[in-house]
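Chemist: Next up is a structure, given as structure tokens.
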């Protein structure tokens with residue numbers, strides 16, 4: 001892609017998200033979301049592959065539907081209250097419609113069906129943008145409007161997302177689909193605690209972005225998109241393979257890695273709020289996700305691949321990719337648990 005066009009598209013992504021962050025008016029927020037959607041579609045279709053075109057079409061249709069619902073909810077709220085402000089949403093119809101539309105935008109269950117299919121059709125770099133940056137603008141709107149929403153709806157969305165995210169990834173062999181279901185499960189953890197402790201939602205979002213970015217960049221460095229090629233990755237980079245296994249376990253939420261921090265704090269807060277049954281279901285749903293991460297680690301580190309690696313001396317091949325972002329993100333994805341108190345202070 002032409003570097004000038006690429007810079008315009010990346011700038012538009014930043015502009016759309018910033019516009020949504022800064023807005024307190026529904027029309028301005030909707031405009032930011034639309035700029036975001038229209039900026040990423042050319043990035044999706046840059047390889048001119050039928051799968052990429054199909055993925056971008058599905059993405060456009062779902063995002064356009066969600067944007068139309070948001071605009072309709074904002075108009076309904078303005079009809080009842082006489083204002084377009086986000087902070088004043090006393091009408092239950094408008095607030096519920098907004099949450100459902102934003103859940104469709106970020107891929108919460110049961111509005112999640114587009115997410116694995118779209119992510120499977122994209123390359124890893126665009127998939128990284130879709131899984132991290134594209135979540136920020138809708139999530140900022142969810143955080144602003146969650147206080148006017150029925151708690152039952154948010155808890156139901158969170159529980160269903162963690163269960164679907166864990167259950168859906170069990171039989172997958174494609175890494176991008178596994179990461180899509182992982183994203184759905186993590187979004188469920190964030191949404192369930194939103195009304196009780198918004199700072200924990202921010203903390204979970206931060207750690208999710210760090211861990212997912214590390215996973216995507218690792219798979220890009222290893223040039224792998226399914227379990228079979230992941231099983232042969234040790235010959236390309238033994239150290240990278242070892243850190244990949246640790247990043248996947250961090251995504252699963254095992255101590256003493258970074259991913260354990262948000263899960264531990266969220267379960268603790270749910271218990272404090274008098275929701276021990278919800279906390280138990282969330283913990284059991286996390287075991288489903290742990291299974292498919294362990295399956296990836298098992299195929300990487302504890303098995304010998306039945307396939308032959310035809311590349312000549314792969315252990316001597318020098319990569320041309322920049323490794324500093326990968327190193328920094330991997331370090332963050334593995335070692336932030338001891339500074340949990342400092343991170344909690346930052347998110348308050």
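Placement of Cβ uses the backbone N, Cα and C atoms for every residue, glycine included.
The model shown is predicted, which means the values in this text are computed figures rather than measured ones.
Annotations for this protein, taken from TrEMBL, read as follows:
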DOMAIN    23-288  domain 'NADH:quinone oxidoreductase/Mrp antiporter transmembrane'
DOMAIN    290-343  domain 'NADH dehydrogenase subunit 2 C-terminal'
TRANSMEM  60-80  transmembrane segment
TRANSMEM  92-115  transmembrane segment
TRANSMEM  150-171  transmembrane segment
TRANSMEM  178-197  transmembrane segment
TRANSMEM  203-222  transmembrane segment
TRANSMEM  234-254  transmembrane segment
TRANSMEM  274-294  transmembrane segment
TRANSMEM  326-346  transmembrane segment
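Mind mapping these onto the model and telling me what they sit next to?
Modeler: Long-range contacts of the transmembrane segment (92-115) within the same chain: residues 33, 58-59, 62-63, 65-67, 69-70, 72-74, 76-77, 80, 135, 138-139, 141-142, 145-146, 148-150, 153-154, 157, 160-161, 163-165, 180, 183-184, 187-188, 191, each at least 6 residues beyond the stretch ends and with a Cβ under 8 Å from a Cβ of the stretch.
Residues 92, 96, 99, 103, 108-110, 112, 116, 177-178, 181-195, 275, 278, 281-282, 285-289, 291-292 of the same chain lie 6 or more positions beyond the ends of the transmembrane segment (150-171) yet place their CB under 8 Å from a CB of it.
Long-range contacts of the transmembrane segment (178-197) within its own chain (CB-CB distance under 8 A, at least 6 residues past either end) are made by residues 103, 106-109, 112, 115-116, 118-120, 127, 131, 135, 139, 142-143, 146-147, 149, 151, 154-155, 157-166, 168-169, 172, 204-205, 208, 212, 215-216, 251, 262-263, 266, 269-270, 273, 278, 282, 285-286, 289, 292-293, 296.
If one looks beyond the transmembrane segment (274-294) by at least 6 residues along the same chain, the residues whose Cβ comes under 8 Å of a Cβ in the stretch are 155, 158-159, 162-163, 165-167, 169-170, 172, 178, 181-182, 185, 188-189, 192, 248-249, 251-254, 263, 266-267.
Sequence-distant contacts of the transmembrane segment (326-346), counting only residues of its own chain at least 6 positions beyond either end whose CB sits under 8 Å from a CB of the stretch, comprise 199, 203, 206-207, 210-211, 213-215, 217-218, 221, 243, 246-247, 250-251, 255-261, 265.
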Chemist: Residues sitting near the transmembrane segment (203-222): Cβ under 8 Å, six or more positions beyond its termini, same chain?
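Modeler: For the transmembrane segment (203-222), the sequence-distant neighbours (Cβ-Cβ under 8 Å, at least 6 residues beyond its ends) are 124-125, 127-128, 131-132, 135, 139, 175, 179, 182-183, 186, 189-190, 193, 229-230, 233, 236-237, 240-241, 243-244, 247-248, 250-251, 258-259, 261-262, 265-266, 319, 321, 323, 325-326, 329-330, 332-333, 336, 343-344, 347.
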